[in-house]
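Step one of this worksheet: look at the structure below.
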Amino acid sequence: MKLKVTKLEKAAILPKYVHSDDSGLDLSAIEDLEIPPGESQLVPTGIAIELPPNTEAQIRPRSGLALKHQITVLNTPGTVDEGYRGEIGVILINHGKNSFKVTRGMKIAQMVIAPVIRVEVEEVDHLSDTTRGSGGFGSTGLTSD
């Protein structure tokens, strides 16, 4: 399966897997910028993609940035639809107490290509019963007991 990528900027870095068994391709920043504490920024990558049929790209945080700097993807996972052909941008948010500098070439997020299942929506008067029912938001408890 092929992911077609166009560099919109000569210095853009193509997405790549670091290890052969990685699920996410690393995405890199194309410019330097700063994200103050509590704020978010759209970080450009300088690339556009053409996804394989019936797939989406999910933009996800990098665990190292989250753990060490409290930087994460704001709308995680960000969804890139199959038909989108514009620049891939990553919305990063700084949950930390210090300003964070994004530098050109820095790995800022990972992109996972996933299958998409399209459904036909059917309106019904009643849904089938389950043991869980409408219980949500903590209804299963906090411990495994």
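We number each residue from 1, going along the chain as drawn.
Placed from the backbone N, Cα and C atoms, the Cβ positions cover glycine too.
Pulled from Swiss-Prot, these are the features on record:
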- Arg62, Ser63, Gly64, Asn75, Thr79, Val80, Asp81: substrate binding site (BINDING)
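Taking the features listed in Swiss-Prot, we show where each one sits on the structure.
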residue	record	DSSP class
Arg62	substrate binding site	coil
Asn75	substrate binding site	coil
Val80	substrate binding site	strand
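For the binding site of substrate, formed by Arg62, Ser63, Gly64, Asn75, Thr79, Val80, Asp81 according to the record, the largest Cα to Cα distance is 26 Å, rounded to a whole number. All protein chains considered, the CB of Gly64 (substrate binding site) has 10 other CB atoms within 10 Å.
A sphere of 10 angstroms centred on the C-beta of Asp81 (substrate binding site) encloses 10 other C-beta atoms. Within the same chain, residues at least 6 positions away in sequence whose Cβ sits under 8 Å from that of Asn75 (substrate binding site) are Ile91.
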